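Okay, structure first, notes after.
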Amino acid sequence: MRVIFAGTPEFARVALERLLAAGFTVPLVLTQPDRPAGRGMKLQASPVKQCALEHGIAVAQPRSLRLDGKYPEEAAAARAAIEAAQADVMVVAAYGLILPQWVLDTPPRGCLNIHASLLPRWRGAAPIHRAIEAGDAETGVTIMQMDAGLDTGDMCLVERLPITADDTTASLHDKLADLGGRLIVEALEMSACGGLPRTPQPAEGVNYAHKIEKAESQIDWRQDAEAIARRLRAFNPFPGGATQYGDESIKVWEAHADPAIAVGTAAPGTVLSAGADGVRVACGNGVLCMTLLQRAGGKRLAAGDFLRGFDLPEGAVLDGAASGGTP
(Lines of atoms letter the chains of each structure in order from A; the text may use other names.)
(Lines give C-alpha, C1' and ligand atoms only; values in the text may rest on other atoms or scores of the structure.)
Protein backbone atom coordinates (compact mmCIF):
# COMPACT_ATOMS: atom_id res chain seq x y z
CA MET A 1 0.00 0.00 0.00
CA ARG A 2 1.26 3.46 -0.93
CA VAL A 3 0.80 6.07 1.80
CA ILE A 4 1.21 9.84 1.67
CA PHE A 5 2.05 11.10 5.16
CA ALA A 6 1.14 14.59 6.41
CA GLY A 7 2.44 15.67 9.80
CA THR A 8 4.83 18.01 11.53
CA PRO A 9 5.83 17.52 15.21
CA GLU A 10 7.37 14.66 17.18
CA PHE A 11 3.94 13.05 17.69
CA ALA A 12 3.69 12.62 13.92
CA ARG A 13 7.30 11.51 13.47
CA VAL A 14 6.66 8.48 15.68
CA ALA A 15 3.77 7.42 13.42
CA LEU A 16 5.84 7.87 10.26
CA GLU A 17 8.63 5.73 11.70
CA ARG A 18 6.12 2.99 12.56
CA LEU A 19 4.65 3.03 9.05
CA LEU A 20 8.07 2.70 7.49
CA ALA A 21 9.07 -0.07 9.90
CA ALA A 22 5.88 -1.94 8.99
CA GLY A 23 6.87 -1.91 5.32
CA PHE A 24 4.43 0.63 3.89
CA THR A 25 5.65 2.60 0.88
CA VAL A 26 5.69 6.34 1.58
CA PRO A 27 6.40 8.21 -1.67
CA LEU A 28 5.65 11.69 -0.30
CA VAL A 29 5.61 13.57 3.00
CA LEU A 30 3.78 16.85 3.61
CA THR A 31 4.96 18.96 6.53
CA GLN A 32 5.01 22.55 7.73
CA PRO A 33 7.67 24.93 6.36
CA ASP A 34 10.93 25.23 8.29
CA ARG A 35 10.60 27.64 11.24
CA PRO A 36 13.10 29.75 13.21
CA ALA A 37 13.89 28.02 16.51
CA GLY A 38 16.42 28.01 19.33
CA ARG A 39 18.49 30.86 20.74
CA GLY A 40 19.91 31.71 17.34
CA MET A 41 16.46 31.56 15.71
CA LYS A 42 17.88 29.59 12.80
CA LEU A 43 15.52 27.84 10.40
CA GLN A 44 14.84 24.33 11.64
CA ALA A 45 13.16 21.43 9.86
CA SER A 46 10.23 19.72 11.56
CA PRO A 47 10.78 16.28 13.13
CA VAL A 48 8.73 14.75 10.31
CA LYS A 49 10.86 16.41 7.63
CA GLN A 50 14.04 15.24 9.34
CA CYS A 51 12.69 11.68 9.39
CA ALA A 52 11.64 11.86 5.73
CA LEU A 53 15.04 13.10 4.61
CA GLU A 54 16.77 10.35 6.60
CA HIS A 55 14.72 7.81 4.64
CA GLY A 56 15.08 9.51 1.26
CA ILE A 57 11.40 10.45 0.99
CA ALA A 58 10.28 13.43 -1.11
CA VAL A 59 9.05 16.36 1.01
CA ALA A 60 6.53 19.10 0.18
CA GLN A 61 6.15 22.11 2.50
CA PRO A 62 3.34 24.32 1.18
CA ARG A 63 2.17 27.18 3.37
CA SER A 64 -1.38 26.40 2.28
CA LEU A 65 -3.23 23.72 0.32
CA ARG A 66 -6.03 26.04 -0.76
CA LEU A 67 -5.93 26.51 -4.52
CA ASP A 68 -7.86 29.76 -4.14
CA GLY A 69 -5.94 30.93 -1.08
CA LYS A 70 -2.97 33.16 -0.35
CA TYR A 71 -0.39 30.78 -1.84
CA PRO A 72 -2.07 29.23 -4.91
CA GLU A 73 1.20 28.34 -6.63
CA GLU A 74 2.40 26.35 -3.61
CA ALA A 75 -0.97 24.63 -3.35
CA ALA A 76 -0.90 23.75 -7.06
CA ALA A 77 2.62 22.33 -6.75
CA ALA A 78 1.52 20.27 -3.75
CA ARG A 79 -1.48 18.99 -5.71
CA ALA A 80 0.76 17.89 -8.55
CA ALA A 81 3.05 16.08 -6.09
CA ILE A 82 0.10 14.39 -4.35
CA GLU A 83 -1.38 13.21 -7.64
CA ALA A 84 2.00 12.03 -8.93
CA ALA A 85 2.55 9.97 -5.77
CA GLN A 86 -0.37 7.72 -6.78
CA ALA A 87 -1.01 6.83 -3.16
CA ASP A 88 -3.82 4.62 -1.91
CA VAL A 89 -4.37 6.64 1.25
CA MET A 90 -3.12 9.68 3.14
CA VAL A 91 -2.29 9.51 6.84
CA VAL A 92 -2.53 12.79 8.76
CA ALA A 93 -1.09 13.42 12.23
CA ALA A 94 -0.80 16.91 13.73
CA TYR A 95 -0.08 18.40 10.31
CA GLY A 96 -1.18 21.94 11.11
CA LEU A 97 -2.91 22.79 7.82
CA ILE A 98 -6.58 22.47 6.93
CA LEU A 99 -7.11 19.91 4.17
CA PRO A 100 -9.39 21.20 1.39
CA GLN A 101 -11.91 18.84 -0.17
CA TRP A 102 -9.66 18.15 -3.16
CA VAL A 103 -7.06 16.63 -0.82
CA LEU A 104 -9.65 14.48 0.94
CA ASP A 105 -10.93 13.25 -2.42
CA THR A 106 -7.59 12.45 -4.09
CA PRO A 107 -6.47 9.17 -2.43
CA PRO A 108 -8.83 6.29 -3.32
CA ARG A 109 -9.07 5.28 0.34
CA GLY A 110 -9.33 8.86 1.58
CA CYS A 111 -7.44 10.39 4.50
CA LEU A 112 -7.00 8.79 7.93
CA ASN A 113 -6.25 11.01 10.92
CA ILE A 114 -4.48 10.02 14.14
CA HIS A 115 -6.23 12.05 16.85
CA ALA A 116 -5.02 12.01 20.46
CA SER A 117 -8.37 11.83 22.23
CA LEU A 118 -11.48 9.71 22.59
CA LEU A 119 -13.63 11.46 20.03
CA PRO A 120 -15.96 13.28 20.09
CA ARG A 121 -14.40 14.52 23.34
CA TRP A 122 -11.59 17.02 22.77
CA ARG A 123 -11.83 17.77 19.11
CA GLY A 124 -9.33 20.43 18.10
CA ALA A 125 -5.76 21.54 18.58
CA ALA A 126 -4.78 20.62 22.16
CA PRO A 127 -6.52 17.40 23.22
CA ILE A 128 -3.70 16.14 25.45
CA HIS A 129 -3.39 19.37 27.43
CA ARG A 130 -7.12 19.81 27.88
CA ALA A 131 -7.72 16.23 29.01
CA ILE A 132 -5.20 16.64 31.84
CA GLU A 133 -6.44 20.12 32.72
CA ALA A 134 -10.03 18.86 32.98
CA GLY A 135 -9.05 16.00 35.27
CA ASP A 136 -10.10 13.26 32.84
CA ALA A 137 -9.40 9.78 34.14
CA GLU A 138 -8.58 8.48 30.69
CA THR A 139 -7.86 9.51 27.14
CA GLY A 140 -6.73 7.59 24.08
CA VAL A 141 -6.26 7.63 20.33
CA THR A 142 -8.93 7.66 17.64
CA ILE A 143 -8.15 6.73 14.04
CA MET A 144 -10.66 8.76 12.06
CA GLN A 145 -11.74 8.84 8.42
CA MET A 146 -11.40 12.55 7.70
CA ASP A 147 -14.17 14.72 6.33
CA ALA A 148 -14.46 18.47 5.83
CA GLY A 149 -15.30 19.19 9.49
CA LEU A 150 -12.98 19.75 12.46
CA ASP A 151 -12.31 16.22 13.73
CA THR A 152 -15.87 15.19 12.86
CA GLY A 153 -15.22 12.16 10.65
CA ASP A 154 -16.20 8.55 11.25
CA MET A 155 -14.23 6.64 13.87
CA CYS A 156 -12.34 3.59 12.62
CA LEU A 157 -10.28 2.43 15.60
CA VAL A 158 -10.28 3.64 19.21
CA GLU A 159 -8.05 2.60 22.10
CA ARG A 160 -8.21 3.97 25.63
CA LEU A 161 -5.32 4.93 27.90
CA PRO A 162 -5.49 5.88 31.61
CA ILE A 163 -4.19 9.28 32.70
CA THR A 164 -2.07 8.81 35.82
CA ALA A 165 -1.88 11.25 38.73
CA ASP A 166 1.60 12.37 37.72
CA ASP A 167 1.16 12.49 33.94
CA THR A 168 2.21 15.72 32.27
CA THR A 169 1.47 16.67 28.69
CA ALA A 170 5.05 15.61 27.92
CA SER A 171 4.69 12.11 29.38
CA LEU A 172 1.18 11.54 28.05
CA HIS A 173 2.23 12.82 24.62
CA ASP A 174 4.87 10.10 24.38
CA LYS A 175 2.44 7.36 25.40
CA LEU A 176 -0.18 8.53 22.92
CA ALA A 177 2.36 8.95 20.12
CA ASP A 178 3.40 5.33 20.57
CA LEU A 179 -0.22 4.20 20.71
CA GLY A 180 -1.09 6.25 17.63
CA GLY A 181 1.77 4.73 15.68
CA ARG A 182 0.63 1.22 16.53
CA LEU A 183 -3.03 1.92 15.76
CA ILE A 184 -2.42 3.50 12.36
CA VAL A 185 -0.43 0.45 11.28
CA GLU A 186 -3.33 -1.76 12.40
CA ALA A 187 -5.80 0.47 10.56
CA LEU A 188 -3.88 0.35 7.29
CA GLU A 189 -3.44 -3.40 7.51
CA MET A 190 -7.19 -3.77 8.05
CA SER A 191 -7.90 -1.37 5.19
CA ALA A 192 -5.67 -3.38 2.87
CA CYS A 193 -7.79 -6.42 3.67
CA GLY A 194 -11.01 -4.47 3.12
CA GLY A 195 -12.08 -4.64 6.76
CA LEU A 196 -11.62 -1.19 8.31
CA PRO A 197 -14.80 -0.36 10.28
CA ARG A 198 -16.40 3.09 10.33
CA THR A 199 -18.68 4.38 13.08
CA PRO A 200 -20.19 7.88 13.06
CA GLN A 201 -19.27 9.98 16.07
CA PRO A 202 -22.07 10.34 18.63
CA ALA A 203 -23.79 13.71 18.85
CA GLU A 204 -23.43 13.71 22.63
CA GLY A 205 -20.20 14.50 24.48
CA VAL A 206 -18.71 16.89 21.93
CA ASN A 207 -16.28 19.49 23.25
CA TYR A 208 -13.29 21.36 21.90
CA ALA A 209 -9.63 21.45 22.90
CA HIS A 210 -8.78 25.03 22.11
CA LYS A 211 -5.18 25.96 21.35
CA ILE A 212 -3.00 26.66 24.39
CA GLU A 213 -2.22 30.35 24.78
CA LYS A 214 0.83 31.62 26.65
CA ALA A 215 -1.36 33.90 28.78
CA GLU A 216 -2.97 30.80 30.31
CA SER A 217 0.24 30.13 32.23
CA GLN A 218 -0.62 32.79 34.83
CA ILE A 219 -1.62 31.08 38.07
CA ASP A 220 -4.84 32.30 39.67
CA TRP A 221 -4.35 31.52 43.35
CA ARG A 222 -8.08 31.91 43.96
CA GLN A 223 -8.62 28.59 42.21
CA ASP A 224 -8.71 25.18 43.85
CA ALA A 225 -5.26 23.72 44.58
CA GLU A 226 -6.11 20.51 42.72
CA ALA A 227 -7.19 22.50 39.66
CA ILE A 228 -3.96 24.52 39.68
CA ALA A 229 -1.89 21.34 39.99
CA ARG A 230 -3.70 19.83 37.00
CA ARG A 231 -3.08 22.97 34.93
CA LEU A 232 0.62 22.84 35.76
CA ARG A 233 0.80 19.23 34.60
CA ALA A 234 -1.18 20.14 31.49
CA PHE A 235 1.11 23.08 30.72
CA ASN A 236 4.35 21.12 31.06
CA PRO A 237 6.38 21.49 28.83
CA PHE A 238 4.53 24.56 27.48
CA PRO A 239 3.79 27.19 28.67
CA GLY A 240 4.42 26.22 32.30
CA GLY A 241 2.92 28.08 35.25
CA ALA A 242 3.77 31.70 36.04
CA THR A 243 3.45 33.83 39.15
CA GLN A 244 5.00 37.02 40.48
CA TYR A 245 6.70 38.03 43.72
CA GLY A 246 7.44 41.74 43.78
CA ASP A 247 9.34 42.51 40.60
CA GLU A 248 10.44 38.90 40.14
CA SER A 249 8.77 36.48 37.75
CA ILE A 250 8.67 32.83 38.82
CA LYS A 251 7.87 29.84 36.63
CA VAL A 252 6.39 26.78 38.28
CA TRP A 253 6.95 23.42 36.60
CA GLU A 254 5.97 20.83 39.19
CA ALA A 255 3.55 21.04 42.10
CA HIS A 256 0.88 19.06 43.91
CA ALA A 257 -2.03 19.76 46.20
CA ASP A 258 -1.11 19.14 49.85
CA PRO A 259 -4.19 18.10 51.84
CA ALA A 260 -2.17 17.76 55.06
CA ILE A 261 -1.73 21.53 55.43
CA ALA A 262 -4.54 23.80 56.59
CA VAL A 263 -4.96 27.18 54.92
CA GLY A 264 -6.42 28.89 57.97
CA THR A 265 -7.18 32.54 57.31
CA ALA A 266 -4.37 33.08 54.80
CA ALA A 267 -5.36 34.87 51.60
CA PRO A 268 -4.91 33.08 48.27
CA GLY A 269 -1.31 33.42 47.08
CA THR A 270 0.17 33.58 50.59
CA VAL A 271 3.32 31.52 51.19
CA LEU A 272 2.61 29.27 54.18
CA SER A 273 6.03 27.62 54.32
CA ALA A 274 9.15 27.33 52.17
CA GLY A 275 11.68 24.54 52.52
CA ALA A 276 13.59 21.81 50.75
CA ASP A 277 10.44 19.73 50.33
CA GLY A 278 8.52 22.53 48.61
CA VAL A 279 6.98 25.97 48.74
CA ARG A 280 3.42 25.76 50.10
CA VAL A 281 0.97 28.42 48.98
CA ALA A 282 -2.61 29.07 50.07
CA CYS A 283 -5.19 28.74 47.30
CA GLY A 284 -8.88 29.54 47.06
CA ASN A 285 -9.43 26.01 48.32
CA GLY A 286 -6.52 23.99 49.65
CA VAL A 287 -2.74 24.32 49.54
CA LEU A 288 -0.38 23.94 46.59
CA CYS A 289 3.13 22.62 47.19
CA MET A 290 5.53 23.81 44.46
CA THR A 291 8.55 21.53 44.04
CA LEU A 292 10.24 22.61 40.77
CA LEU A 293 10.65 26.33 40.10
CA GLN A 294 12.56 28.71 37.85
CA ARG A 295 13.39 32.39 38.10
CA ALA A 296 13.77 34.67 35.08
CA GLY A 297 16.91 33.74 33.15
CA GLY A 298 17.65 30.81 35.45
CA LYS A 299 17.45 27.04 35.39
CA ARG A 300 14.67 24.85 36.67
CA LEU A 301 15.54 23.97 40.26
CA ALA A 302 14.15 21.79 43.02
CA ALA A 303 12.57 23.89 45.76
CA GLY A 304 15.52 23.67 48.16
CA ASP A 305 18.04 24.75 45.52
CA PHE A 306 15.71 27.49 44.28
CA LEU A 307 15.32 28.95 47.78
CA ARG A 308 19.09 29.15 48.29
CA GLY A 309 19.17 31.87 45.65
CA PHE A 310 15.69 33.34 46.03
CA ASP A 311 14.25 34.71 49.27
CA LEU A 312 10.62 33.67 49.52
CA PRO A 313 9.68 34.09 53.19
CA GLU A 314 6.63 32.78 54.98
CA GLY A 315 3.84 35.32 54.62
CA ALA A 316 5.00 36.54 51.20
CA VAL A 317 2.13 37.04 48.77
CA LEU A 318 2.39 35.82 45.19
CA ASP A 319 0.44 37.58 42.48
CA GLY A 320 -0.94 35.29 39.79
CA ALA A 321 -2.40 38.14 37.77
CA ALA A 322 0.81 40.14 37.43
CA SER A 323 2.90 39.98 34.30
CA GLY A 324 6.65 40.03 34.30
CA GLY A 325 9.66 38.78 32.40
CA THR A 326 9.57 35.35 30.86
CA PRO A 327 12.20 32.89 32.07
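Backbone N, Cα and C define each Cβ position, glycine as well.
Features of the protein shown, as given by Swiss-Prot:
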- Ser117, Leu118, Leu119, Pro120: (6S)-5,6,7,8-tetrahydrofolate binding site (BINDING)
Under 8 Å by Cβ from Leu119 ((6S)-5,6,7,8-tetrahydrofolate binding site), same chain, sequence gap 6 or more:
Thr142, Met144, Asp151, Met155, Val158, Gln201
Residues satisfying Cβ distance under 8 Å from Leu118 ((6S)-5,6,7,8-tetrahydrofolate binding site), sequence separation of at least 6:
Glu138, Thr139, Gly140, Thr142, Val158, Arg160
Long-range Cβ environment of Pro120 ((6S)-5,6,7,8-tetrahydrofolate binding site), under 8 Å and at least 6 residues apart:
Asp151, Thr152, Gln201, Pro202, Glu204, Gly205, Val206, Asn207
Please list residues from the chain of Ser117 ((6S)-5,6,7,8-tetrahydrofolate binding site) whose Cβ is under 8 angstroms from its Cβ, counting only those at least six apart in sequence.
Arg123, Pro127, Ile128, Ala131, Thr139, Gly140, Val141, Thr142, Ala209
If you run the three-state DSSP split on Pro120 ((6S)-5,6,7,8-tetrahydrofolate binding site), which class comes out?
coil
